[in-house]
Amino acid sequence: MLLLINVILTLWVSCANGQEVKPCDFPEIQHGGLYYKSLRRLYFPAAAGQSYSYYCDQNFVTPSGSYWDYIHCTQDGWSPTVPCLRTCSKSDVEIENGFISESSSIYILNEETQYNCKPGYATAEGNSSGSITCLQNGWSTQPICIKFCDMPVFENSRAKSNGMWFKLHDTLDYECYDGYESSYGNTTDSIVCGEDGWSHLPTCYNSSENCGPPPPISNGDTTSFPQKVYLPWSRVEYQCQSYYELQGSKYVTCSNGDWSEPPRCISMKPCEFPEIQHGHLYYENTRRPYFPVATGQSYSYYCDQNFVTPSGSYWDYIHCTQDGWLPTVPCLRTCSKSDIEIENGFISESSSIYILNKEIQYKCKPGYATADGNSSGSITCLQNGWSAQPICIKFCDMPVFENSRAKSNGMRFKLHDTLDYECYDGYEISYGNTTGSIVCGEDGWSHFPTCYNSSEKCGPPPPISNGDTTSFLLKVYVPQSRVEYQCQSYYELQGSNYVTCSNGEWSEPPRCIHPCIITEENMNKNNIQLKGKSDIKYYAKTGDTIEFMCKLGYNANTSVLSFQAVCREGIVEYPRCE
């Protein structure tokens, strides 16, 4: 019934005053809507003069600047025609080297805001200020403030104006010095101030420094059409044909009339299945049928225990390159800090695990040094573990001199340092010289800095029967020299095996005592044999006990003790059996 009354009322208003007024259909408000639109939709079309409350979506407002207002049905249709206008926020404006000159924070559709550039900067049009407009999709543009162009540096040329700074798009004319010309062969030229500075450098060139066409390369070419002439510092780029890879710089540069070294185009070989030492490809059995593969392919792999990839992980990617697989050594040995034993020193680094070819530093305690005489050193993780165990050894102190004096004033010496010394008058070293040198080694000095009186030297050591010295004999031996003796086989050395030179004479030499030779002939004469042995000939040293027993069918004719004979300097008393 209400709907019928609304229709009759609408027709009556439309025909009032004899004028036909067009009713308004339900308003489809872009970026907004009527309040209670589901209930109100039934009462449309509406007569002119009707008003309805409506709201706008987020980031949109009514023409009055509110988030809601009234929309009015007029004879020309709905008013306002655009109920919801887009808003733009001042906070969305990013301006470097400038600032917004207005105080408002929100702007509606088609509203303009002004911005100013800082001193020394200008808009893209060369002005100190500009404007942006709020459009349907936001601000028309982000404001830009760019720097002015200063007077450039001239090379073999001079400016034709006296200005010191230039606005965007300003032109600066310059002329070349006598004998020089611009890149186009002219003696004058111009540069333009752009957003990134001057269009080019105001440079003039000596024509003798120009280059001809760049050199050709096998399986490759330049990326641009070659010219007949190139100016100094011109650059030309090369590229390779398909299946070739560029090696070296892809650019050549003209300098002093010559081009720099051009690159090479290397054939890209395929890669065979990678046999990874101490590791494997993931899913290698599945992947193996797809090899060889082209350059640029990569595969994941893992390393065995105690091995890692070059990046320090247990897995990584191996890459096919024109030179083969990379990394060339996919799995590297690791070394542990705990495997290092260092006496009188300490490791100066905190890491506990090191990969192949990685160095670790160590330091020696005060008063100790490395084998090279330094306070610190390094060892390297190799395929079989650490390169060496670090060593810290003590310095050599000033030695005690005998009949001699040092030729330097130092008090301590590093490993491999040399100390020169000289003998007192009337004394000489072992080789007959009056000066000598000693070297600081790991166990101390190489020898004592001792000089001798020639009357205290000895000749060759005395010979002994059935024995000899263990070293080649010298003509002369210095005091306290020692020579070692040894006996022939089966002879027993009696006494000290060394003799010493003292006051020109050798100490008492040792003797070589004869062995006892037990023969089958002597045993047969006495009807005896060796106890527990089947030897027919036996050698015994002095002091050795030889046990005998009667042969089968014979009885002892001497005492029981005689069957345990003792060898005395080659003589033995045999027992007898009858």
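Every residue gets a Cβ built from N, Cα and C, even glycine.
The domain 'Sushi 1' annotation in Swiss-Prot covers 20-85 and rests on sequence analysis. Across the domain 'Sushi 1' (20-85), mean pLDDT in this model comes to 90.
For the domain 'Sushi 2' (86-147), residue counts in helix, strand and coil come to 3 helix, 29 strand, 30 coil, using DSSP. Taken from Swiss-Prot, the feature domain 'Sushi 2' applies to 86-147.
Residues or ranges marked as disulfide bond by Swiss-Prot on the basis of sequence analysis: CYS88-CYS134 (among others). Within 10 Å of the C-beta atom of CYS134 (disulfide bond) sit 22 other C-beta atoms, taking all shown protein chains into account.
Annotation source Swiss-Prot lists disulfide bond at CYS117-CYS145 (among others), citing sequence analysis.
The annotation N-linked glycosylation site is assigned in Swiss-Prot to ASN127 (among others) on the grounds of sequence analysis. The 10 Å shell around the Cβ of ASN127 (N-linked glycosylation site) contains 13 further Cβ atoms across the protein chains shown.
According to Swiss-Prot, the feature domain 'Sushi 3' maps to 148-206, an assignment based on sequence analysis.
The feature disulfide bond is assigned by Swiss-Prot to CYS149-CYS193 (among others), with sequence analysis given as support. Residues near CYS149 (disulfide bond) in space but far in sequence (CB under 8 A, at least 6 apart, same chain), listed by position: TRP165, PHE166, LYS167, LEU168, ASP170, CYS193, GLY194, GLY197, TRP198. The secondary structure of CYS149 (disulfide bond), as reduced to three states from DSSP, is extended strand.
Taken from Swiss-Prot, the feature disulfide bond covers CYS176-CYS204 (among others). Around CYS176 (disulfide bond), the same-chain residues at least 6 positions away in sequence with a Cβ under 8 Å from its Cβ are ASN156, SER157, SER182, ASN186, THR187, THR188, ASP189, CYS204.
Within 10 Å of the Cβ of ASN186 (N-linked glycosylation site) there are 11 other Cβ atoms, across all protein chains. Taken from Swiss-Prot, the feature N-linked glycosylation site applies to ASN186 (among others).
Annotation for ASN206 (N-linked glycosylation site): same-chain Cβ neighbours under 8 Å, separated by at least 6 residues, are ASN156, GLY179, TYR180, PRO232. Taken from Swiss-Prot, the feature N-linked glycosylation site applies to ASN206 (among others), supported by sequence analysis.
The feature domain 'Sushi 4' is assigned by Swiss-Prot to 209-267, with sequence analysis given as support.
In the three-state DSSP scheme, CYS254 (disulfide bond) falls into the strand class. According to Swiss-Prot, the feature disulfide bond maps to CYS211-CYS254 (among others), an assignment based on sequence analysis.
With a 10 A radius on its CB, CYS265 (disulfide bond) counts 21 other CB atoms from all the protein chains. The disulfide bond annotation in Swiss-Prot covers CYS240-CYS265 (among others), and the record cites sequence analysis as its basis.
In the three-state DSSP assignment, the secondary structure recorded for CYS271 (disulfide bond) is strand. Shown in sequence order, PHE291, PRO292, VAL293, ALA294, THR295, GLN297, CYS320, GLY324, TRP325 are the residues of the chain, 6+ apart in sequence, with a C-beta less than 8 angstroms from the C-beta of CYS271 (disulfide bond). The disulfide bond annotation in Swiss-Prot covers CYS271-CYS320 (among others).
Cβ contacts within 10 Å of CYS303 (disulfide bond), excluding its own Cβ and spanning all protein chains shown: 22. A strand conformation is recorded for CYS303 (disulfide bond) in the three-state DSSP classification. Residues annotated as disulfide bond in Swiss-Prot, with sequence analysis given as evidence: CYS303-CYS331 (among others).
Annotation source Swiss-Prot lists disulfide bond at CYS364-CYS392 (among others). Other Cβ atoms within 10 Å of the Cβ of CYS392 (disulfide bond), summed over all protein chains shown, number 21. According to its DSSP assignment, CYS392 (disulfide bond) is coil.
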What three-state class does DSSP give ASN206 (N-linked glycosylation site)?
coil
Please classify the secondary structure at ASN453 (N-linked glycosylation site) using three-state DSSP.
coil
Considering only the recorded positions ASN127, CYS134, CYS265, CYS440, ASN557, CYS577, which fall within 10 Å of CYS117 (disulfide bond) when distances are taken between Cα atoms?
ASN127
Which residues, sitting 6 or more apart from CYS88 (disulfide bond) on the same chain, put a CB under 8 Å from its CB?
ILE106, TYR107, ILE108, GLU111, CYS134, LEU135, GLY138, TRP139
Using DSSP and collapsing to three states, where does ASN186 (N-linked glycosylation site) fall: helix, strand or coil?
coil
CYS254 (disulfide bond) versus CYS145 (disulfide bond) - Cα distance in angstrom:
37
